[in-house]
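> I have a structure here, written as structure tokens, and I will follow up with some questions on it.
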């Protein structure tokens, strides 16, 4: 009996050490490297936007299958959909469900730091918000995916900023709504009236403070210093109990307190991929939402607003033009996407087929992609819903052919 116990202990120790080695390795792998490591097919595709940004799109290919496009949040990247590993990452699970999985990247992040004219050292490179993501990045990416797969429409799943840019896409280029079979919004963001994020609320206390900070920062990269991020990861988020506690509290301050859904073992992997890069204008555009209590274009100040918009105030985005079928998934404990603000969005959008509150009171903004139980709490429901709307679309096509 004692020998069996010893063997069992040694086996458990081996598994633990192997998992730790695997986590250490994942810290140094990019999206394609992670797919390679776990034995999934992988492709990197490149497109160039009308305004010159070179974007890399990552694919878990299943040729002939219906395409699903995933779009990440602010300061994030395609890696967010797979970094938790097979069986947990949304990208992996969608592939296992039989989909052709495409994962986008927004200009300025780890995988999109090239321009046909500018370098990342020039202010001109960073002169964009998520308005430009919606106007240029999403259209060319969606068109590329549909052309390559020979489909007329696709599933769109966005998280946080990936939802914000979709609402703007519909408002500014409503013809693209016909190319969306179903849009599923994870932690949807458009309004910040009830936002509980201390940072956003502080910076966006008034229009005056928001505009002042915007002018002081100017177009530049947000948190560009690798040394700062490495210090944060190595010192504050080290493996000591104090380091882990500090790191978790920083995340919870931003997203909402949800300790049971945070996989502490995976924190080094998360922090090696995030933040992945963004412009100060992206951050400040959200702050302006809070200050104005409206979903509107970027506020450049009185004089420039008049020159650009023929109005002293930025125009509101017209959410009535977002005609694609939409499902809103939200969390009670999401400091950024509070239920009251999601309800306001719900009544503004013309074609919301479902508004679903995740059945877990502590579910926060980041749990939609990294939560331990997110497959059971949300993803499996999403997959069933996708199948339902695919079936409904097929019946509509058959009826139209008769």
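All residue numbers here begin at 1 and follow the chain in the order shown.
Yeah, the Cβs are placed from backbone N, Cα and C, and that goes for glycine too.
Not my notes, these are from TrEMBL:
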ACT_SITE  160  active site, nucleophile
ACT_SITE  334  active site, charge relay system
ACT_SITE  365  active site, charge relay system
DOMAIN    34-84  domain 'Partial AB-hydrolase lipase'
SIGNAL    1-20  signal peptide
> Would you list the DSSP helix, strand and coil counts for the residues of the domain 'Partial AB-hydrolase lipase' (34-84)?
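Secondary-structure composition of the domain 'Partial AB-hydrolase lipase' (34-84): 8 helix, 19 strand, 24 coil.
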> What is the average pLDDT across the domain 'Partial AB-hydrolase lipase' (34-84)?
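That region's mean pLDDT is 97.
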> Would you count the other CB atoms within 10 A of the CB of residue 334 (active site, charge relay system), including those on all shown protein chains?
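Residue 334 (active site, charge relay system) is surrounded by 28 other Cβ atoms within 10 Å.
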> Starting from each candidate's C-beta and looking 10 angstroms out, tell me which of the active-site residues 160, 365 has the most other C-beta atoms.
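For the active-site residues 160, 365, the Cβ with the most other Cβ atoms within 10 Å is 160.
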> What Cα-Cα separation, expressed in whole Å, is found between residue 365 (active site, charge relay system) and residue 160 (active site, nucleophile)?
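Distance between the two Cα atoms comes out at 8 Å.
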> What's the CA to CA span in angstrom from the residue listed as 'active site, nucleophile' over to residue 334 (active site, charge relay system)?
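Distance (Cα to Cα, whole Å): 11 Å.
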